[in-house]
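**Student:** Quick paste of what Swiss-Prot says about this protein:
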type	residues	note
ACT_SITE	E306	active site
BINDING	H305, H309, D320	Zn(2+) binding site
DISULFID	C186-C256	disulfide bond
DISULFID	C263-C281	disulfide bond
SIGNAL	1-19	signal peptide
Amino acid sequence: MKLSSILLALAALVSPAFSYAISHLPRSEGGLDIKLTAIGNTRIKAIITNKADRPLKLLRYNNFFDDAPTQKVEIFKDGNAVQFEGIYQHIYMTDLPDEDFISLTPGESIEREVDIATTADLTQGGAFTISSQGLIPFAEVDSNEVTGAMAFHANDLEMDVDGAVAATVEKAIKPVDKRSRLTNSCTGQRRTATVRAIQASAQLSQRSAQVAQNNAQKLQEYFKQTDQRTRQLVVNRFTAVARESTVNGGRTTYDCTDRMGHCQPRTIAYTLPAQNHITNCPIFYQMPLLTNRCHGQDQATTVLHEITHNPAIVQPHCVDHGYGYQAVRRLNAQQSLQNADTYSLFANGKMTFRLFLY
């Protein structure tokens, strides 16, 4: 069965009369303290402390609590960012189990260690600056539903790295096969699902570019500004994603199975930005192609989200400053422009209707 068209109820997106009603989000600044210290040539320790006057229940993905090779810090050399060589992962946020959260009582601290050379090339050696800031989604103590996001901004850490020693650290990610747009892992139903999701991402991105061009209220909701520069940056990125959403060209390669072994139980897909490579995880194939639920997750917006992470599409590429609608609403304007989930949530915001013709 071929997907011949996807129609998005588009008047609702273009008309400000149907704009999304913003609910008040919990105030969560200053409740989380993260202190970075050097404990080796390229190893650092993060001490995460609950400074709030109440218990915190923090989502463990895409931060220091996550054992996957996700971006936990930013690294700078002579003022320039060092390329991140790990993964950005897209997490399934529905029916989260208890084990997906880390609980901290008031005043409690947890320590985590990471070798930053596993996901960055530090062989040049010398002085590096390490920083970390962002938002961690949280749930209330008696619930597993994410209701807000906790902001954090760690101290800047200066490190003097021995490049020769850094070169001996094993990398978390190995080079991938670039000979094919869809690798030989893409066969049968998984190939069909992936191709359809890529096609749907193209149409969704094209329409989102039109909405960004014409709906100032929606642009303000997600990107915090409506000036011409902001509008053009958003339109350009959606247009680039639409252009890249193809199986006949482009620079992104796809794995339809997890050959590298980085899918966690809740991971929908993940991207290797340094290699412009996307891997679908088992949950991806259990999701609908497109959902009618506002800010719901589906295959098409997952592809859209992952493509924004690839630097071959638009530079600088998107990162994961905030995850989920609550976190996205807390980002400032500059963070919003560089946040992958802002684009996928914009694309399937309230009043989006999809009709399939086969």
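Here the Cβ of each residue, glycine as well, is placed from N, Cα and C on the backbone.
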**Student:** For each of the disulfide-bonded residues (C263, C281), count the other CB atoms lying within 10 A of its CB, then report the residue with the highest count.
**Tutor:** C281
**Student:** For the Zn(2+) site (H305, H309, D320), what does the 8 A shell look like? I mean other same-chain residues with CB within 8 A of the CB centroid.
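**Tutor:** Near the Zn(2+) site, the remaining chain residues are Y88, H90, T271, E306, T308, C318, V319, N339, A340, D341, S344.
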**Student:** Hey, what's the Cβ neighbour count for E306 (active site) at 10 Å?
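**Tutor:** Excluding its own Cβ, E306 (active site) sees 28 Cβ atoms within 10 Å.
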**Student:** For the binding-site residues listed here, H305, H309, which shows the highest count of neighbouring CB atoms within 10 A?
**Tutor:** H305
**Student:** How far is it from C263 (disulfide bond) to the residue listed as 'active site', counting Cα to Cα, in Å?
**Tutor:** 14
**Student:** Rounded to the nearest Å, what's the C-alpha distance separating C281 (disulfide bond) and E306 (active site)? Just drop the number here, would you?
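**Tutor:** So the Cα of E306 (active site) lies 12 Å away from that of C281 (disulfide bond).
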**Student:** I want to verify one value. Collapsing DSSP to three states, which class is H305 (Zn(2+) binding site)?
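**Tutor:** Going by the DSSP assignment, H305 (Zn(2+) binding site) falls within a helical segment, counted as helix.
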**Student:** Could you tell me which of these disulfide-bonded residues, C186, C256, has the fewest other Cβ atoms within 10 Å of its Cβ?
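**Tutor:** It is C186 that, of the disulfide-bonded residues C186, C256, has the fewest other Cβ atoms within 10 Å.
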**Student:** Cβ-Cβ under 8 Å from D320 (Zn(2+) binding site), same chain, 6 or more residues apart: which ones?
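**Tutor:** Residues satisfying the criterion: N62, T70, Q71, Y88, G134, N339, A340, D341.
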**Student:** Check the DSSP secondary structure of C256 (disulfide bond), expressed as helix, strand or coil.
**Tutor:** coil
**Student:** Of all the recorded positions given, namely H305, E306, H309, which is spatially nearest to C256 (disulfide bond) at the Cα level?
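**Tutor:** Given the candidates H305, E306, H309, the nearest one is E306.
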**Student:** Fill in the CA-CA distance, H305 (Zn(2+) binding site) to C186 (disulfide bond), as an integer in Å.
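**Tutor:** Cα of H305 (Zn(2+) binding site) to Cα of C186 (disulfide bond) measures 20 Å after rounding.
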